[in-house]
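Annotated disulfide bond per Swiss-Prot: 60-242, 181-235, 1605-1637, 1646-1801, 1712-1755, in sequence order. Per Swiss-Prot, compositional bias 'Polar residues' is recorded for 315-329. Annotated region 'Disordered' per Swiss-Prot: 315-334, 433-506, 526-1567, in sequence order. Under the heading domain 'Collagen-like 2', Swiss-Prot lists 527-584. Summarising the annotation, Swiss-Prot assigns compositional bias 'Low complexity' to 639-655, 873-901, 916-925, 1282-1296, 1383-1392 (among others). The feature domain 'Collagen-like 4' is assigned by Swiss-Prot to 728-781. Annotation comment: Swiss-Prot describes 805-814 as compositional bias 'Basic and acidic residues'. Marked as compositional bias 'Gly residues' by Swiss-Prot: 1040-1049 (among others). What Swiss-Prot lists as compositional bias 'Pro residues' is 1216-1227, 1341-1360, 1428-1437, 1528-1537 (among others). Feature annotation from Swiss-Prot assigns region 'Nonhelical region (C-terminal)' to 1541-1561. Annotated N-linked glycosylation site per Swiss-Prot: 1638, in sequence order, evidence recorded as sequence analysis.
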């Protein structure tokens, strides 16, 4: 059983779809009461002690200002009390948010409903169940919340035999229960937004209808108030604490969870432990120690004169005020009377009514109905509709004790019951003909029907045992007025029958109860039974029921007969011509364009005033890890390091003598991961594992193979009618079937939509002449026909009426051009032009400050080797040096003795997963594991392969006609079909529409007369034939006398067809009949024998194309086509605007169509809709009376081009039109001839600072670097093959200096090495033991060079040595040949700006510049000579509006016009972003050299020129002075060959096995130490590379800021939203500032208002005037903005940020109380809308700025507390951020406002 099944079974037997509570009381302050509370006990007359109610002592035995204890009422199970809901709520409105307040002491351990509220259909809408687990029952009209979601307060037990004050607050979607002013529990209430509780029903106290559990206990107070906050003040204002000075009142602490869960289950709740998991927000409310109530001397109001409230002092009313402490007296609410306070005794003079004693004589269980006197006055009885869902009952739910009716009514008992009416006869079965069974859609729910007649009385059951005497019943509802009869009309309303009597066998309790409530049998009272009264008036139509669950598809019903075609409606009057609408508001801005190329940098603005320092912003999210910092300075020498790692293996020593056997060693460290072993044998299947967690949802599997065709499924129900499918491809022609038997005539199909006119068919063969048709109805006038052949001149006819206005003719040929118009007025000044071309280079600036230290230069040439220095003192022990490279493998040592067996080592760490092994053999089947939990629903798989074609299904039932489809385009002309056999003549159709007139045929030759036939009897009128063509004019008949109009005779019977008569003489021309619509196709007739060929008939005229026939019945469904190929991926759609937040969940199925509502009031004029498609021509209406001349109609749409008219005569020359609008800009004309040389221009102004350019090409070689420090003198040796790094040997003794070798060739530039400056040299590590040879590793990174080794034996002659030291200067050599170009050097540093060079030659003609800004309007020029006469101008502007003409007749609808001519040129758009840089144009031809310009100012010094050629040898100079001692002499002769040196890392080839082997024996290679200089160089290069990387892709840090958040997003798309540093002007990063980057919104850069500008609290602002700016308020100021760090933003940076921005937005939230912010509903205008001041001092409002929108406008209604959120989203960047706001709607007594300013966000 579901945990909520109690609600399903214990709800009423009707399907309870509960209406919801509606009427909102918004933001009511605690002190402000809503409507007066409803006192339930007073309304139910408790003070008169009805049956089952008695007075008792209440909650307090002692109360201040009262001698007597509180009065309460004891309720026993005999009490049966109810009342109409309207009696409690006379206004008929139940509040949407409310409080239910009661002070009760239920009987211990009970659980029953204290209150049940039903609507007029008997559906329970509201209920409060109290006891061991209180429940709040509420269901709205949509069935929400569902029974399983009813709020259950399972942790509270108020049925513990003690008094409790309980308050329930229902506000919006929560319900809060406060017990004894301390325990507060809030639960969700999932109801609708607008819910209404029906007050037309009944309220039952203490139980539910048909429920056996009754509330038993004491109740002192029971209130319902429309203020949801009243529940929180219950103990203050409604039920104050007792007087604690005397004996304390009963304990009222509720028992919490004092019963076991089993108790609940026994009580039939069956709430599982996990059913209510929502967190209950339990709040302990403060306990007030003492509360006093102020006194008053006011007299008790007259309403309560029938009873007083004890002798306590009347209460004094005070103005409410806030209670600031628990000891202050709590005020009584204003206007709050004693009526709602507790503690008073109702001392009432009871109007005692007749007590009716119920005896047991002659009263059985069926006859003990309580009868209510019908003379109680008019009162509507609200019918409870019967539902038949309840099938089982428990004995407890049967009839209990008898019920009294409402108070004061006289009651009696009688043994009478009304007779039941007889059952009607069974209706005739429906006749459903084949083809008529068409399923219609379900109709809307009909209104409630009238009450049926009473049914027959069933046979009496066995009498039950007499029950105990029941108490007097409660008063029933007043009955409706019946027609007056001799006895009074009675209303039977039983509630329970005799007490414990057993049930009679006749009818069930539910049936009897429902009969008693619904039948309203009228039984005579007093005296013998009188005649049955007349049936009462039918009750009012019930409100629409809530939508039921969707039923199953019904069987298709029969198709109804086709209705008669209604007459055409009268032509409506033409509507008045509407006033021209006001100009529409400015359109919304278009979508942001794609980001343009960066514009030229503007001039830097003046520095702004320093802003206030902002307060510290909120803690930002943790930043990204920063970049590695710069290397710090060397620290002090550290303490002695730990022993270093073992050094490389030493040389092999002599073999030692074996030592004594050692102790067993300690277990060794785990060895390295061994190689993967071979595949082991197949293991035994393991035991079944534990249930695993459900795995994550797998990816969709691959496409499975096509499955076999499944078995044929069972016959399904006919489905709903599908929408018309798309036209399938034409099927293959089938075999010709046998001629079937003639079927029965089917019903006419529904009218199909009128199709497009088909193409003209091929002329058919002559048909057999049809029977003469009866005279058709008079047809309507046809359209004007084409011009026929000249007929015989007729008699002069009477003057006809003026014909309707013809259709507009085709547009005539264009007239000749008119004369040139007068010059137009001068136009307005144009908008600001685009950005100009960059200016000339500026003058050189002042000398800048000294630059930072540059990167170290390249090392100079090797210096001469210095003399050997004195050995230094041993330095302190350095830090441990880096591990040297691995030594080469030493020779294999002798095999040692096997050591003792070590202890077993510990388990090694888990090795890395091995490579996938080969597929093992198939293992045995394992044990089945336990069933896993169901996995999540898989995603939709890929579409499967098309399955095999299934068998042809059964012929489905004919579906209902689908909705009319859209008229398709005209299909291609089909092939001419064979001439069909003639069908049976159809019945006469209704008169058809007037056809188009056919062309007049030429007169044919007269045919031969046929043979004379025998005159037959006059046959009946034949079936009407198709309308004949217009006959030839008949001979003039003799005029007859005018006869009187005779009555219409009855239609005669149909006679048998007569024989064919002879051809008569031609009759007069008949009026053309209206062609009837095409009838349904008749059944195929049997093929007749071919007749004799008749004589050649006259050539008929071309027939008029008939109207399109009705569509035939749908053919059988074709077999489904093969799946088509997948279409190509469509073009991506335009980017949509940001959508609103979607609602949860997919949309539900469409509900049933509701009943038609009452017609609404006429709506306002809507905006003109888009032009619809051309409709079909409707049927022509009857000729109406001629109307008055109308106003001229609006200009019709341009028609389709008609056939070309005959050429008209030349018209008169028209007057000259006014000048036309300027035409669109023409195409670029050809370049004109070169103009004369212009005068020299003035010196241009200083140009704006240009963009930082892309890195330039490599510059010229820089100046030579400073001489490097002297290098070590190199050994001269032959260059050996490059070997791998050798093992580091012990430091050798330094060899003797080698001779200098000749200068070597320059080497190539090396690759960058590892970054980082070299560390301090560490001390030599201790030699370690060599390891075993490992497998060849991958080539490692180039290591640093090893230390110098000892000198080896002399090698073979070396190759050319490295460069030697510089020798002394030799004699001047001869000029050498030009060397080959060296390798391109690295880019040098930027040199200083040289002096300005001489003017260069004129360069080639540059690209066409960007148009300059529009200049100011010049003075008018001198008048030119008269030009030649211009061509005829375009048509002039329209003239003034003429006087209204007379109203023309309604014209025919025009055809769809051609596309109109292009409109006038629109206003010039806003300035676009700079376009992308065009590709460079081809070099232009050289221009004519201009005249020499004025001598310009001296230019800046030029760059140093390239070195000149070496000069010739100069003449001998004078003998100089003796020089200083010279440099070392030239190199000596070659020395002995040197050792092979370790190649530098940048030059070493890849290691190969051969190289390794070739140097294995060279243990002591001497490696030159080049590492220091190289690492520094490569470190610098690497840091340069990183700097460039950071320039290209900034990180958004303080030292590496981005330009805007958009740039940062483009550089790092994966960065999260957060705070980053930006530097819009891209200068020094010292003025960067921190902003919030909203990457989610596309890379917005956001700044925030300072603390004082963030907003103001809501207040009434009594000293301020509406319509003033906030900065003019006493507490106001201009709004200012800060960065995220709280610092003011540099004005220049702000300007640059705006330059880089395409649009900006900012939100402004206005908090209000009865104050409008934007739209004012009361006035229906925006007169009181806020106004904003932009940062460009521009005022923005609703009237002048279309970029301001209200995202949410809650203040428009000016009710209660609300807010309005306004968004300014503008492309005019200077308007944002706003700096001031004007408030216009405040100053009244209840009006308040406050606001919050949001961040300003800029999007680049």
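Cβ from N, Cα, C; glycine included.
What you are looking at is a predicted structure, and each value in this text was computed from that prediction instead of being measured.
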Using the structure shown, find which entry in 60, 235, 1605, 1712, 1755 (the disulfide-bonded residues) has the sparsest Cβ neighbourhood within 10 Å.
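Counting other Cβ atoms within 10 Å of each of the disulfide-bonded residues 60, 235, 1605, 1712, 1755 gives the minimum at 235.
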Using the alpha carbons only, what distance in Å do you get between residue 1801 (disulfide bond) and residue 1637 (disulfide bond) once rounded?
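Spelling it out, the Cα of residue 1801 (disulfide bond) and the Cα of residue 1637 (disulfide bond) are 9 Å apart.
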Can you tell me how far the Cα of residue 181 (disulfide bond) sits from the Cα of residue 1638 (N-linked glycosylation site), in Å?
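Their Cα atoms are separated by 47 Å.
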Nearest to residue 242 (disulfide bond) by Cα, among 235, 1637, 1712 (disulfide-bonded residues)?
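Going through 235, 1637, 1712 one by one, the closest to residue 242 (disulfide bond) is 235.
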Please tell me which one of the recorded positions listed here (235, 1637, 1638, 1646) sits closest to residue 1712 (disulfide bond), measuring Cα to Cα?
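Nearest listed residue in space: 1646.
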Considering Cα atoms only, can you say which of 1637, 1646, 1755 is the nearest neighbour of residue 60 (disulfide bond) among these disulfide-bonded residues?
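That would be 1755, nearest by Cα distance.
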Can you tell me the mean pLDDT for the region 'Nonhelical region (C-terminal)' (1541-1561)?
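The average pLDDT of the model in the region 'Nonhelical region (C-terminal)' (1541-1561) works out to 41.
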Here are the disulfide-bonded residues: 181, 1801. Which has the lowest count of other Cβ atoms within 10 Å?
181
Using only C-alpha positions, which one of 235, 1646, 1755 is spatially nearest residue 1637 (disulfide bond)? These are the disulfide-bonded residues in the record.
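If we rank 235, 1646, 1755 by Cα distance to residue 1637 (disulfide bond), first place goes to 1646.
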Going by DSSP, give the three-state secondary structure for residue 1637 (disulfide bond).
strand
Quick check for the class: what is the C-alpha distance, in angstrom and rounded, between residue 1755 (disulfide bond) and residue 1646 (disulfide bond)?
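It is 27 Å, counting Cα to Cα.
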Considering only the recorded positions 235, 1638, 1646, which fall within 10 Å of residue 1605 (disulfide bond) when distances are taken between Cα atoms?
1638, 1646
To the nearest whole angstrom, state the Cα distance for the pair residue 235 (disulfide bond) and residue 1646 (disulfide bond).
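About 50 Å separate the Cα atoms of these two residues.
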Among the recorded positions 242, 1637, 1638, 1646, which residue has its Cβ surrounded by the fewest other Cβ atoms within 10 Å?
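With the recorded positions 242, 1637, 1638, 1646, fewest surrounding Cβ atoms within 10 Å: 1638.
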Where residue 1646 (disulfide bond) and residue 1638 (N-linked glycosylation site) are concerned, what is their Cα separation in Å, rounded?
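Checking the Cα atoms of residue 1646 (disulfide bond) and residue 1638 (N-linked glycosylation site) gives a distance of 7 Å.
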